[in-house]
């Protein structure tokens with residue numbers, strides 16, 4: 001982690017997001033109704049989904065902190081992928097309703113220009129949500145938390161949608177009343193796309209997709225550079241919530257005693273944990289190299 005307090009931020013960030021989302025939901029909803037902006041009202045529903053998403057994220061972080069037990073011997077880390085999928089689903093469902101309502105409004109021709117105050121309100125929410133995105137994406141990346149990263153993108157989608165609302169309202173005020181409704185359609189398409197991306201990433205995590213090739217190459221290099229390691233004949237890695245797990249099978253000098261072989265394996269494990277961020281569970285299987293092989297010391 002970059003800073004010592006990154007772990008503390010992990011415990012605080014979602015509460016800040018939860019509070020900000022509640023304020024933004026009420027602010028945009030009330031201002032949208034008062035100003036007559038259908039896009040801003042729709043955007044407030046998006047923020048309402050953010051409130052639920054922040055609550056789900058907070059719950060998943062609490063559960064993922066639980067230690068491994070007999071029922072879940074690999075820990076509770078994958079609950080964060082479920083949280084990410086729920087957030088993505090909420091965005092997708094909300095976008096679908098918003099798209100439907102906006103298209104019906106566009107076809108029927110029942111639209112009128114909202115007040116310019118809607119644009120001012122949207123500009124405030126753009127700033128707040130972008131700040132929350134930057135805060136959460138920093139904390140999420142430093143803690144390798146898919147749940148916090150998903151929540152960050154939820155706020156980024158809210159910032160972008162509010163920006164679209166602002167443009168639509170301004171265009172409506174200067175003589176294009178249809179622009180507010182078109183902005184709502186654009187917002188719904190964007191939010192739906194982000195929702196699908198979050199769901200896709202969650203599915204990859206739950207299906208134990210491999211870590212990046214670069215990370216595997218780093219682990220491979222660390223292991224082969226460790227003294228008395230002859231070769232690596234199997235290596236795989238996966239994400240489990242915030243942690244990275246590796247399964248490594250290596251060969252050592254056949255003349256080594258069992259105790260010494262274990263010490264070599266422990267050296268590999270320690271180096272990987274020290275040099276690869278979030279590497280928590282390193283599973284090693286050691287076997288002797290062919291007797292004729294000369295091993296580097």
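Along the chain as shown, the residues are counted starting at 1.
Backbone N, Cα and C define each Cβ position, glycine as well.
Copied over from Swiss-Prot:
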type: REGION; residues: 1-214; note: region 'Transmembrane domain (TMD)'
type: REGION; residues: 215-297; note: region 'C-terminal domain (CTD)'
type: TOPO_DOM; residues: 1-12; note: topological domain 'Cytoplasmic'
type: TOPO_DOM; residues: 34-83; note: topological domain 'Lumenal'
type: TOPO_DOM; residues: 105-112; note: topological domain 'Cytoplasmic'
type: TOPO_DOM; residues: 134-164; note: topological domain 'Lumenal'
type: TOPO_DOM; residues: 186-297; note: topological domain 'Cytoplasmic'
type: TRANSMEM; residues: 13-33; note: transmembrane segment
type: TRANSMEM; residues: 84-104; note: transmembrane segment
type: TRANSMEM; residues: 113-133; note: transmembrane segment
type: TRANSMEM; residues: 165-185; note: transmembrane segment
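Against the transmembrane segment (165-185), stretch 113-133 has more CB pairs under 8 A than any other of 13-33, 84-104, 113-133. The average pLDDT computed over the topological domain 'Cytoplasmic' (105-112) stands at 76.
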